[in-house]
Amino acid sequence: MSSTRSGRHRRPSSSSSVPSNSLLKSIKEPPHNFFPSKDEFLRLVAVLAIASSVAVCCNIFFTLINRQPKPFCDSHNSHSPDSISDFCEPCPINGECNQGKLECVRGYRKHGKLCVEDGDINETAKKLLKWIEIHLCEAQAQFLCDGLGAVWVREDDIWKELDGHDLVQNVGLDNGTFMYTKQRAMDAVGRLLETRTDPHGIKELKCPDSLAEHYKPVACRIRQWLSEHALIVFPVSTLLIGCTVLFWKVRQRQYISSRVEELYHQVCEILEDNALLSKRENGECEPWVVASRLRDHLLLPRERKNPVLWKKVEELVQEDSRVDRYPKLVKGESKVVWEWQVEGVKIS
């Protein structure tokens, strides 16, 4: 009975333990869909990144829009160490600051927080300086070459002449700016040219001789160089001219000598061929040739103006024993004819 009771009491305890184990297991192991999948996790990260980027960009954008630029520190307090603080920008060089605003001095323009040199004014000042340099240096160069013209020129006269020049009219600057530009040009002129003050207190300008040398005409430079080196140039030129004339005469003699020999051989060939032709045709063709016609046939038009050339040919023909020279009446006129006397021989 006791064993039976104990067995009965054990069965209900084993059956009640099954639900308790399953409950504990369900508490320890979460369901499969409790955590997100890999794709869902990547999408979540992407959404968070985009949202963070948008938030940062919006913050920067509104910060830049709402940020007020720092005012400039006043110029009259710039010498004080307390003038530079975190609440104002130091006034830049070549600038004037008043009540937080920047104004660049004349000749400079505002570029951000700086005052930079005005390129138009600088370019105009360079043009004015170049015009003054050319104007004065050309006058000085003429004086050095011919002794004419003024050496020292008044500054007022230069500006009077410049005021009506096309360069000033085409600049397009207001009067104040142009006066500043003229002052800058004059400062550069003082460094480039020679200056002095006359007894009346008027400033005068002069181009240095070293700079005026570059403005001399070529003819003036050649003339001055020849005058400075006359003791060397004259004998050298005479020697060169003499050598040139001598060389030309030698070449002329060589040409005449070779040309005379060439003409002489041509005359002999023509006379011999004419003599053989006359013999072959039994006297139907004259064996002689008129010397003047032969001359005009062989000489070039420009060679006919040189009587020495044909005269030397006549001398060679006269010395040749194979050629007879005698006068003959041809068509009522007395002509000198040449006739070949050696039969069947050709000159090499």
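Just so you know, glycine gets a Cβ as well, placed from its N, Cα and C.
The compositional bias 'Basic residues' annotation in TrEMBL covers 1-12.
Feature annotation from TrEMBL assigns compositional bias 'Low complexity' to 13-24.
Confidence in the domain 'Man1/Src1-like C-terminal' (83-340), given as mean pLDDT, stands at 83. Taken from TrEMBL, the feature domain 'Man1/Src1-like C-terminal' covers 83-340.
Residues annotated as region 'Disordered' in TrEMBL: 1-24.
Tertiary proximity for the transmembrane segment (41-65), restricted to same-chain residues at least six positions away from its ends with a CB under 8 Å from its CB atoms, involves no residues. Sequence annotations record features per position, and here TrEMBL assigns transmembrane segment to 41-65 (among others).
Residues or ranges marked as transmembrane segment in TrEMBL: 230-248 (among others).
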